[in-house]
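Annotated features, as they stand in Swiss-Prot:
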type     : residues : note
ACT_SITE : Arg20    : active site
ACT_SITE : Asn38    : active site
DOMAIN   : 5-91     : domain 'Acylphosphatase-like'
Amino acid sequence: MARICLHAYVGGRVQGVGFRQATREEADRLELDGWVRNLDDGRVEVVWEGEEDRAKALERWLGRGPRHAEVSAVEVEQMPLQGIAGFVVRR
């Protein structure tokens, strides 16, 4: 299956609830590469790439997030592959 790269902004109660760490763990489970970070406006930004079915699985997961999160919006767009290796939480 082809690799794709996706970029998302996740809104709602997504900071201070373990969202970034949980996203990294889910991405690792799905064998995806990329990064996640908090934004000053309260959203979380995520860029990830991997096999299309796995990448789409993370997109679906972002719509729910971890247990204590309350996701109200997810904006996702496809972008060119970035050649990212590993998945990290950016500060």
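For all residues, glycine too, the Cβ spot is worked out from N, Cα and C.
Since this is a predicted model, take the numbers as computed values, not measurements.
The helix, strand and coil residue counts that DSSP assigns across the domain 'Acylphosphatase-like' (5-91) are 22 helix, 36 strand, 29 coil. The two recorded residues Arg20 (active site) and Asn38 (active site) have their Cα atoms spaced 8 Å from each other. Long-range Cβ contacts of Asn38 (active site) within its own chain (separation 6+, distance under 8 Å): Gln15, Arg20, Val44, Glu45. Other C-beta atoms found within 10 angstroms of the C-beta of Arg20 (active site) number 22, with every protein chain shown included.
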